[in-house]
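Per TrEMBL, the features are:
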type: SIGNAL; residues: 1-15; note: signal peptide
type: DOMAIN; residues: 83-559; note: domain 'Amidase'
type: ACT_SITE; residues: LYS132; note: active site, charge relay system
type: BINDING; residues: LEU181, SER207, ILE228, GLY229, GLY230, SER231; note: substrate binding site
type: ACT_SITE; residues: SER207; note: active site, charge relay system
type: ACT_SITE; residues: SER231; note: active site, acyl-ester intermediate
Amino acid sequence: AALVLLCSSAAAVVAWKWLGKRQIQKKMEEARRTRDEGVKKMAKAVQQFREQVPSVQTDSILSLPLLELSGKLQEGSLSPKTVLYTYIEKALEVTQQTNCLRHFIPECEEQLQEIQQQEEKGLLYGIPVSIKDHIGHKGHLSTCGLVQCLGTPVQEDSVLVKVLKRQGAIPFAMTNVSQSLFNYDCSNPIFGQTLNPFNHQKSPGGSSGGEGALIAGGGSILGIGSDIGGSIRLPSSFCGLCGLKPTAKRLSVWCTRLLNVDVCFHPTPVPCALGPMARDVDSLALCMKALLCEEMFQLDPTVPPIPFDEEVYSSSAPLRVGYYDTDGYMPLPPCMRRAVRETKEALQAAGHQLVPFSPPRIHYVMNELFLKTFFADGGRAWLNVFTGGIVDPNLKSQVNCCKIPRLGKKLLALILKPLCSLIKLKNVATISTCRSVKEMWNHHHQIEAYHTEFIARWRELQLDVVLCPVLGPAFTTGYPGKLLTAISSTMLYNVLNFPAGVVPVSTVTEADEEELKLYRGCCDDPWDQTLKQVCNMETVGLPVAVQCVALPWQEELCLRFMKEVETLSRGK
């Protein structure tokens, strides 16, 4: 009898697990079916529009920079309807090639009618805008690529979406992300892998990779991403775009889903920031100018009421620029360091003053401040978001690492120490934890102390801005999950909460690939070898970018510096 009961119990457990997995699969299939139906609906709407207005000059509209397009919409020489359907048609083409869209927003047709009834035309009147998956839009899911987020649609627009609409923009698409937003590739088990439009073997970066692919492919002229470790700047680097991570809270994050919680603010000492992505710096500036308005300050009183300072952005005064081409943590490929050196020389020739700068204690920032912020509990809260154990292959190494007991991590570190750089080993094998509230408060204090130290060095050199590298060129899909340690170039400015932007300045050359043969990295360990391997895979012609940084709340100065870099690189 006991054996029968045991067998029955075991069978019940197996059946229960099977039913649970089946239910999860049904949820995922339903989400994909909804997406596909939305695509078909939009394709039909585009076809109907083309039949009504067959003479639309699609290529000429798509080739217009944002400022020119905005001007034509404001003066009435182009209609918002024509522009919207032109971009929807192109987005359909781009997502077919790259799988960048998570969902079209059919309510864009209602927004089209509403803006034409507004008394005043907003700064973004008639501009189609794409938004990242987890930025709340009423009536749509905010998934973060997670099964547990497939249940209830968002009940109201996020503050950012409300302000975009008030300024006349038309949100028309939500874009794909990496699962849980914690990867700089762009794939998840629900909606699949997004590809780089320049090379379908490459990743578009992440977690705002859907935005990167859609804009770079020409299917959107302006997008909104988010950044907590480089998630705006890395896709911008990989896809040849301009992207700005503002100071956190310069733009509202109210009603934006971060991991498994709907939040009005992100309570960690390394906060999430929302920001624009586009094809040029002027587009980022126009977007920031439109968003930094009274409407946002009223809807979210936690956002400092600081309007966009056009005078700072338009200034032509010479700048005192700090620069470095490596942070000493994980040396980047030759092409990325070349980009910094060439940009530095161009800035000097243009009359700016260039000063060598070295960020202090970058190993400490990565190994202690960054990791302890996100894995203060050893990663337990993060592991809880993976309902039913559905984990994207690109995240499995990090997930498995978090599952190792604390003692096991220490033993693993000891065993691997002779083989690998201890610096990066600590990142992977011995994720730091805060074992008490006191230790957590001390951790917060350490971050504040580092802020003070960094700003003191900045002030000592009397810098206006800093020029530095960003990770690139685009990695082959699947590799970002193997090289979490490579994001030090962007992560530093999340820990500091400084505004930072990316500007494309060059492309990979054959000479860069030749020089890569001599690359040894920091320690010639497995991480360095993996980086060398991925950067030697069909990279000639891919975009190469630099990073521009300013002090907190100085987004206009950061953008002004980015504009200077962009102008000089295009002139070259």
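Just so you know, glycine gets a Cβ as well, placed from its N, Cα and C.
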- Message: Using a 10 Å radius around each Cβ and all protein chains in view, which of these binding-site residues has the most neighbours: GLY229, GLY230?
- Response: GLY230
- Message: Taking only the residues in the domain 'Amidase' (83-559), give me the average pLDDT of this model.
- Response: 91
- For SER231 (substrate binding site), the number of other Cβ atoms found within 10 Å of its own Cβ: 34
- Item | Integer Cα-Cα distance in angstrom, ILE228 (substrate binding site) to LYS132 (active site, charge relay system) | 14
- Task: For the recorded substrate site formed by LEU181, SER207, ILE228, GLY229, GLY230, SER231, name the remaining residues of the chain with Cβ within 8 Å of the site's Cβ center, in chain order.
- Result: PHE182, TYR184, GLY206, SER208, SER226, ASP227, ILE232, LEU234, CYS272
- Message: Whole-number answer please: how many Å between the C-alpha atoms of SER207 (substrate binding site) and LYS132 (active site, charge relay system)?
- Response: 9
- Message: Just to verify a number: CA distance, LYS132 (active site, charge relay system) to LEU181 (substrate binding site), in angstrom, no decimals.
- Response: 11
- Query: What's the most sparsely packed of the recorded positions LYS132, SER207, ILE228, counting other C-beta atoms within 10 A?
  - Reply: ILE228
- Query: Hey, what's the Cβ neighbour count for LEU181 (substrate binding site) at 10 Å?
  - Reply: 26
- Measure between the Cα atoms of every pair in LEU181, SER207, ILE228, GLY229, GLY230, SER231, the residues the record assigns to substrate, and report the largest value in Å, rounded to a whole number. 11
